[in-house]
Amino acid sequence: VMGGNHTQPKFILLGITDSPCAQALLFGLFLLIYIVTLVGNMGIMVLAWVVPSLHTPMYFFLTHFSFVDICYSTVISPKMLADLLSESTTISFVGCAIQFHLFAFFATAECHLLAAMAYDRYVAICKPLLYVPLISSHVQRRLVALSYLLAFLSAVVYTSCTFGGSFCGPNRIDHFFCDISPVLKLVCSDTRTSETVIFAFVLINTVGTSTIILVSYTCILHAVLRMRSAQSRSRAFHTCTSHFTAVSLFYGTIFFMYLQPASSHGSLDKVASIIYTVVTPMLNPFIYSLRNKEVKGALAKCMRRMLNLL
């Protein structure tokens, strides 16, 4: 996959800031965010496994979504945290390519899982009588497997296009992880073909999945507005707006990062990257679950059970 003439065995990650004071503050903040991300997402996975009332398609997708959040946060955060405390912020060529490949895989899987979850909500609200046959366990497993397969194939393309050129000059990556734009800036050979292929794949993955999400939510909104009861209207609306907030944040930053020409990347890139690599995985458990009565009830039940055991 890697190919290319990479005479440069190591890269130096320049990170977020070179101010020692800011680095110490960011270390504390990002460590806290990473711990909350792990605890929140693992908590959802455990709850969905142990509480029978959560053995539904929605929570089946959500456990995979939480798993992907944990993974892609773990691909970025530990290295970033170590670099904030360390003098040496080098990463080997292979390490850099692996980090990017895993990041691309999990980020793309997240797009496809979001689309699967939007489709699940659409069927539940707009076609409730067909819900069982349309979202059977067989269909759920297929949708998740397809999300991972498409993500894997896309990640192979992204990685081979990003790391397949010749690296013969500077080795300083102006970023806190190995991402497409800062790595391609170090390639000596012509990168126009690679950039075009990457752009096309990002376009297919993000626009394809966000279209499914938008269409699903438009249909849901239409169905919600036709509901007789104000209570069920507000409940459905509440769920959809919180999901839509998470989706907008994730896609907004990804569109900003990957659907602009390489020449226009600037100082805002790191801020956008922090939002979708660090902040969004932490917010997702709160947005998707903790504002949900079923999850709150399951959490309370588990707490009571644990207290009884003590």
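Cβ coordinates are placed from backbone N, Cα and C, and glycine is handled just like the others.
Here's what TrEMBL has on this protein:
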- 40-288: domain 'G-protein coupled receptors family 1 profile' (DOMAIN)
- 24-51: transmembrane segment (TRANSMEM)
- 58-78: transmembrane segment (TRANSMEM)
- 98-122: transmembrane segment (TRANSMEM)
- 143-167: transmembrane segment (TRANSMEM)
- 197-224: transmembrane segment (TRANSMEM)
- 236-259: transmembrane segment (TRANSMEM)
- 271-290: transmembrane segment (TRANSMEM)
Can you work out which residues elsewhere in the same chain, 6+ from the ends of the transmembrane segment (98-122), have a Cβ less than 8 Å from its Cβ atoms?
1, 57-58, 61-62, 64-65, 68-69, 71-72, 75-76, 79, 91, 135, 143-144, 146-148, 150-152, 154-156, 158-159, 162-163, 177-180, 183, 205-206, 208-210, 212-213, 216-217, 219-220, 239-240, 243, 247, 250-251, 254, 276-277
Any chance the transmembrane segment (24-51) and the transmembrane segment (197-224) are in contact, meaning at least three CB pairs closer than 8 A with a sequence separation of 6+?
no
Give the mean pLDDT for the domain 'G-protein coupled receptors family 1 profile' (40-288) on the 0 to 100 scale.
88
Between 58-78, 143-167, 197-224, who has the most Cβ pairs under 8 Å to the transmembrane segment (271-290)?
58-78
